[in-house]
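See structure below.
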Amino acid sequence: MIDKFLIQQQDFPIERDPGFFETIFALSNGHFGTRGSREEAAFSHELVDEGTFINGFYESELITYGETAFGYAKEHQTIQRVPNGKMQTLIYRDQVLGRDGEILEEERKLDLKKATYERTFIWLAAGVKVRIETRRMASFEDPHLLLIETKLTNLSQAAEPLQFKTCLGPEKTEADQVSDDPRKAQARGNLHYEKLSEHFPLLETQTNRSRLAVVVGKKTTVKDEATEKQLTFDEANQTYEETFSFSLKPEETKVCQSAIYYGDFAPVTAHQAVSPAEIEKQLNQALNRFDNGFEEQAAHMSRFWEASGIELTGDDQLAQGLNFNLFHLYQAAGRDGQTNIAAKGLTGDGYEGHFFWDTEMYMLPFFIYTQPEIARQLLKYRHTILPQARERARELSIEKGAWFAWRTINGHEASAYYPAGTAQVHINGDIAYATQLYYETTKDETFMKAYGLELLIETARFWTSFGFFDEQDAFHITGVTGPDEYTVLVNNNYYTNRMAKNNLEAAFQYADKYWQQDGYQALFDHLEVKEEELAAWKKAAVNMKLLYDPDLKLTLQDEAALERKPWDLTTIPKENFPLLLHYHPVIIYQHQVSKQADTILAEYLFPDTVSIEQQRRDYLYYEKITTHDSSLSRSIFGIMASRLGFQEKAYPYFNSTALMDLTDLQGNTKDGIHAANLGGTWLSMVYGFAGMTVKEDGIHFEPHLPEQWEKLAFSIQYRQERFKVTITQEDVTVEKINK
Ligand code: BGC
């Protein structure tokens, strides 16, 4: 029997990499995240990746190019590991848990309803037998807090003297090794630690170049009078060690509880906003109401599942995959308006903790329709980095508007490989698309006034400066890379042009709407928007070049789409995928081969612009040349299969989407969760199987429920109201529910 809300270690093949479980069992709350490593890992000889990360806390480093050119990105940005508060062990005489003895009957699980990670096992060492039960949670109610509880029960026949040791200090991992895989983190900072307190663990971490500082504190109690406590600081490892000594009678249980505080980072030069005394107070409070913390977490999650869950009846394994994905998606999102969603969430430092278009195009719809407050904060982040995007635009010869970084944390471009980085200018159109979707779904006027309109205008301006009109007045965008990173620096990429057209139309439409409205004049004046400019946006949108081959009756991904060398993907050995790890880019780029959905993604977004027959032809052509080497691909092919009547294809695509990380489909789950695909799961359900489309007259559903499924039910928020949608094989019902 599969429990749809429980992910248990025993359900996986035992040969799975330890890193796989560390990712799967990772906990986060948008502010910080910590991998699902074993508590005693630091005391073992095993190489593990314990990773604890604070969203947006990064170190920078100069990028060294063999050959450089004007305007190349200058600095890496890499999310940093902050002090590990999970480290703890048990000591019996000279035996140390992790290093000595045996671990028996271990069970580990992630409870999606409670948002906790739990583990039980028995430690057998030098004749002592102790049952250890731990649970931990990254609090959603107080995002600075990590809580860990450890229950020790003596299963031996005699009273035993034990020591419980719990630490706070920098993590030691294998991650310091350099790899050839471009998807892994490349730069690691030279961090500096400062001990801030003598009487409780409190450590400041400072980065060297980016000059950021963050404080992490920890307090632990062991519930019993007869416990001796000692706090020391290991200078060599910059680690606080707190040791509790006690004697445990047979069958007796001791409860050890730790609360760890992960602060907000600030520039090194700024005064730390929260004093040590205040941190200690908060930690004491957390310890005093420890069980309440876990109860509140469960209550929080129950509200989450109510508002954002999707009920799938008829396939428990897929339902479990779906729940797991939505849970990790919720965990990943920055909620403070200053941070976003990294490509691996906060579960690993793959892709260096960078924010990509993944957020806007794959993850935001979920938040917009189910957690609009979070969606708003994610878009607000884009607004906060507008100054960097403007600066970048000027640097790269764009007279007006913004050019958003392809990948970034601090707003500056961090993509060292421009053909698959900076050249993906579609990011501007993606941000505009999500801005418009958020506004149209929520009608949040204060957002539009404070952030939305400015984002739409500044992104639109980029296109009129970057592209050009030919002699027949057609508007071209040349020398860019679309989502398909196996085809670079092309002219008139279909997806990019579609997004640009949409961006320009939206800027025109909203600027026109707000032109005479009270309260907007200051913004137009500040941005120096002239009426002629609105007309120019409209003209470029109307005349946007969208390529089509009338002989083949095919929508073209770009001007040279059919000129490249054909490559029969069925002839490529299976072990040569992903191609990026086995072929030089020159070989990949000369071929008709796609890493991910590109033209098909555009047709998924704008279904009314191309006939169904045309979409079917395009689908069959592009499916044949697509490797799905990117995790951003399958969900879109699945949705389109549902829409276009290729039902037999939709199911396997969804299967891969829903179970991508649980089955380690891409082979690199150990580096972190595939966050865009988590969003793709929600898109598959709502836009694919439920067939949701939003038109001028409202929301429509045209379900394509696989015959194996009995029911699909979820709720969405639309313009301040919440609706519950239930789809069965016979029926669709939509009911309004009170929020
Ligand atoms: C994909 C990009 C994506 C990035 C981060 C790459 O493999 O091709 O589209 O933005 O991963 O997830």
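We count from 1, first residue shown onward.
Glycine is no exception: its Cβ is also placed from the backbone N, Cα and C atoms.
Predicted, not measured: the structure shown is a model, and the values here were computed from it.
Among the features that TrEMBL reports, active site, proton donor is placed at E485. For W357, D358, K595, Q596, the entry in TrEMBL reads substrate binding site. Look at TrEMBL and you will find 21-255 tagged as domain 'Glycoside hydrolase family 65 N-terminal'. The domain 'Glycoside hydrolase family 65 central catalytic' annotation in TrEMBL covers 324-682. The domain 'Glycoside hydrolase family 65 C-terminal' annotation in TrEMBL covers 692-736.
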Rounding to the nearest whole angstrom, report the longest C-alpha distance spanning W357, D358, K595, Q596, listed for substrate. 16
For W357 (substrate binding site), what residues in its own chain, 6 or more apart in sequence, show a Cβ-Cβ distance under 8 Å? W406, Q424, H426, I427, D430, I431, P483
Could you pull out which residues elsewhere in the chain have a CB under 8 Å from any CB of the domain 'Glycoside hydrolase family 65 C-terminal' (692-736), counting only those six or more residues past its ends? 306-315, 369-370, 372, 440-443, 607, 642-643, 647, 650-651, 685-686
Starting from the Cβ centroid of W357, D358, K595, Q596, the recorded substrate site, name every other residue in that chain with its Cβ within 8 Å, sequence order please. F356, M361, P483, E485, S630, L632, S633, A676
Give, as a single whole number between 0 and 100, the mean pLDDT over the domain 'Glycoside hydrolase family 65 C-terminal' (692-736). 95
With every protein chain in view, what's the tally of Cβ atoms within 10 Å of the Cβ of D358 (substrate binding site), excluding that atom itself? 27
Within 10 Å of the residue listed as 'active site, proton donor', Cα to Cα, which of the binding-site residues D358, K595, Q596 are there? K595, Q596
Report, as a single number, how many Cβ atoms besides its own are within 10 Å of the Cβ of K595 (substrate binding site). 22
